[in-house]
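Some notes on the structure that comes next.
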Amino acid sequence: MDARGPPKRRKLTDKELPNSLKHHESFAGEAQMYQELLDMERKLDWTMSRKKVEIEDALARVQPVPRMLRIFLSHTVSGQVWQQPETGDPNHNFDTGQGIPAWQLKIEGRVLELPGQRPKDRLPLPKFSQLVKRMVVEIDRNPGAYPDGNVAEWPRAQTQTPPMDGFTLRKTGDAPARIRIILYLSHQPSQYKLHPELANLLCLKEDSRINVINALWNYIKINGLQDKVDRKTVRTNDELRALFGAETVHFTQLPEIVNRFLMPPDPIVLPYMINPATAPPERPFAWDVEVKLEDLSLKHRMKSVTLDANQATLKTLGDVDEEIAVHIQSLHNSANKSTFLRSFAQEPAEFIQTWLASQSRDLETVLGSGISDGATIRLEDLKRSEFFKLPWVEEAVAIQHGFELSQKNS
């Protein structure tokens, strides 16, 4: 059994007025105004579509904005000698670590809000763990006394994990320790360090790949290194020749060449000192580090134009368009009916002959006989009303109705 539902109703899209109304004296003024509105709507639709494409293209090229990442370092100690009660033996529990000298290092960070930004314009900022690709903590202390490892590393997980505001590292011990925190930050887009020779040439030490390519292309244009005939060929000067090792370079090879001179950026190194024999500082140490992020505020405003349109408004506009199309279809039907009746009123006999000839061709098409100029159906039969009361009429109507339904569903 066929489980398909009823066919969808085809939406009417034609909004053009019938030609008979456009040139009719009684409706010429209204038809002209309607046509002007229709042309204006088409221009507006085209302009809005073009602007939407431009905004979507600009979204892919939004320049990153530098933001300040404030990193906090602090520590706590537990089980130290100066923390033990003056009387009684210390209660050591090697299973839980209670009473055993230890310290905890806390590494936290957050992106600072922009000064003067209104609260309603503030968007959620990335967490500290989302801005760190890799972190290494090196502890400078006697490995013989503390063999459990003096290097801790945190790589970003490949799977989706909840973002965090910071990390905590716990180690046992009561001896002072010098610590180096090495942070590899995750910029958006990714930043690269340039080879010293290329950096001196472009006056650029660190940037994104696309900006480095643009800087190199600007250098080529400023120094007139494009070939006069083939504009896709670059003729290197002494400086570029020493770097690229070629007399000429094709324009499409520039990204590949630039990749050879890009290196990972230098990590952020933060020193810290822990002395368990004294109480920790009351306030954490703080460092401000610049990190490049996507301009979320600009992207949000752009997306509000292209994606966050009012759905209720769009539905209302769609309903109005469909209503206009229905009225236009009604005008077309009325115009055809008016033309039909006017032709019959002017020349009844000639109109009947023309109409019978047209109907006979349609009848032969329905019956599958083809157009035969009366060879299949006699003209005398077409003039007799009894001929159209025979049983074949119901079959022809059913076939014609099925043909029209198949056309609507196609």
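Glycine too: its Cβ is placed from the backbone N, Cα and C atoms.
All annotation found in TrEMBL is predicted automatically rather than curated by experts.
Not measured: the values here are computed from a predicted model.
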Students should find that the region 'Disordered' stretch in TrEMBL, chosen from 1-25, 151-175, is 1-25
Contact set of the compositional bias 'Basic and acidic residues' (13-25) with the rest of its chain, CB cutoff 8 A exclusive, min separation 6+ beyond the ends, reads 31, 34-35, 38, 321, 324-325, 328-329, 331-332, 335-336, 338-339
Residue counts for the domain 'DM2' (187-264) under DSSP, helix then strand then coil, are 37 helix, 16 strand, 25 coil
